[in-house]
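Data first, discussion second: the structure below is written as structure tokens.
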Amino acid sequence: MTKELVFNALNEQVGSELSAWYSYLGMSAWCSSQQLNGSARWLRAQAQEEYTHAMKLYDFLVERNAPVQLKQIEPPQAEFESIVEIFHAALKQEEENTQRIDAIFQMALDQRAFASLVELQWFITEQVEEEKTARENLAKVKMVSQDPAAILEFDRVLGERDLVLDTSPA
Ligand code: FEO
């Protein structure tokens, strides 16, 4: 029972990470439609990162011989008012993810699920970085939001991010 509770929560978290993947992809698609191609690239790379988070947990479940229960993923938000709304949504998403990870960590602690605790420690560290980056992006885009030239520069800088798995046309 102890293990089941934590494994169920980890299965839910696989779904949450995949929802984040889909959500960032939706944001990327909106940016592409606005010709904000640097932001689209950054958000697509972020989506790929979320996919790796999901698979890290998936692999852990498999290694622990735990049942894998894949969840349904809802369609993400497709329309946005502005690039500021995108990065506002990104920060909110990361803050909510941190809360979910913290809750599972607490559960694993209560259940003395030590292997899961070690696995989740990586995610706690990762969320510190994820929130920091999201907060910086939002602060910067808010600063330049009234200046089209500055928005273009913000977009150009974001476009310098590497894609982990670049399947886009050359
Ligand atoms: Fe999977 Fe953005 O944290």
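Cβ atoms are placed via backbone N, Cα and C, with glycine included.
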Candidates E85, E94, the one TrEMBL lists with E17, E50, H53, Q127 as binding Fe cation: E94
E17 (Fe cation binding site), number of other Cβ atoms within 10 Å: 23
E17, E50, H53, E94, Q127 excluded, remaining Cβ within 8 Å of their centroid (Fe cation): S16, A20, E49, N97, F123, E126, E130
Composition by DSSP (helix, strand, coil) of residues within the domain 'Ferritin-like diiron' (1-145): 118 helix, 0 strand, 27 coil
Reported mean pLDDT - the domain 'Ferritin-like diiron' (1-145): 97
